[in-house]
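Read the structure below first, then the notes.
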Amino acid sequence: MAFPLQEIKLPILPFSMLIIISILGRSLHASDPPLTLDYYAPTCPSVFEIVKKEMECEVISDPRSAALIVRLHFHDCFVQGCDGSVLLDDTITLQGEKKASTNINSLEGFKIIDRIKNKIESECPGIVSCADILTIAARDAVLLVGGPYWDVPVGRKDSKTASFELAASNIPTADEGLLSIITKFLYQGLSVTDLVALSGAHTIGMAHCANFRARIYGDFETTSDRSPVSETYLNNLKSMCPATGGGDNNISAMDYVTPNLFDNSFYHLLLKGDGLLNSDQELYSSILGLETKNLVIKYAHDPIAFFYQFSDSMVKMGNITNPDSFVDGEIRTNCRFVNT
């Protein structure tokens, strides 16, 4: 089923949330940037097909590749907008974002983007930005593991800068509270609905023990329905993620039912109280989350509604742009380095 691009409108925020935005001291910026669907039609008409074929190879080789690319895209867009800054390596003159606390143990997939970029450069040198490649690849990643299709507006430029500080402060963490996460989404011009829908990408995600240890030794048993399946799941998690003594880099699927399929199973797990990350389970279990709880219930019972909203929210997130990159941005030859 195709989910066509729809007009993106900013949400009408309740007064309390407008106060939060005022305190943050900035305006929303997930608005309509100068992007179009046919930007590359005259200069690199094969770009979408190239990205699709490369992603097909990657996902066939390792289905987990899909989640890696979606996460890369998310972490890129939440820092300076979707400008490819997350792809930059550290150099003598530039501190990248890869070693920020929110990225260092959670981001992979950089070599996948490198391979796609090399293929596109051989066909259309100096034309397609790394930021656009990552955005298109994230759409194809979702589609290839059973998720929805959406049209991807393109025309982004690559930034010449990165922000280690913003990477550490803008990206939500696994143990963060619900109100703090909502604030970070509003900061980007994304609504509570966008938050719950985009969190559904965790249906194909993996998490490190270090990011869910506090959850499984904390309130997991309080939120869980304690069914035999849930009890077995928790015991398995504890066996590979000890309370003390290492195992930080051991990984577990965030959706243990269908880990390699993009579906609404993630929301069913939240209803059972089996969310792996505290930040995910808060969407349903937090006493402050009436709106988020209702959305979790909605998407658990209506997978089509989830697919439609996820598509819209991904376009909206992809529209978070770095205004500076449209003024002095570039088309990087190598996604890891600013052109010289």
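The backbone N, Cα and C atoms fix where each Cβ goes, glycine too.
Automatic, uncurated: that is what TrEMBL annotation is.
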Of the candidates C241, C335, the one sharing a disulfide with C130 in TrEMBL: C335
C124: disulphide-linked cysteine among C44, C209, C241 [source: TrEMBL]: C44
Disulfide-linked residue for C77, taking TrEMBL as the record, within C57, C82: C82
Cβ atoms near C124 (disulfide bond) (within 10 Å, other residues, all chains): 17
Extra residues within 8 Å (Cβ to Cβ centroid of D76, V79, G81, D83, S85, E97), Ca(2+) 1: H75, C77, F78, Q80, C82, G84, V86, S159, A162, S163, L166, A167, N322
Near-site residues: Ca(2+) 2, ref T203, D255, T258, D263, CB cutoff 8 A to centroid: I204, V257, P259, L261, F262, N264, S265, F266
Nearest recorded site to C335 (disulfide bond) by CA-CA distance, among binding-site residues D76, S85, H202, D263: S85
Cβ-Cβ distance under 8 Å to D263 (Ca(2+) 2 binding site), same chain, at least six residues away: G146, T203, P303
The one of G81, P172 whose CB sees the fewest other CB atoms within 10 Å, among these binding-site residues: P172
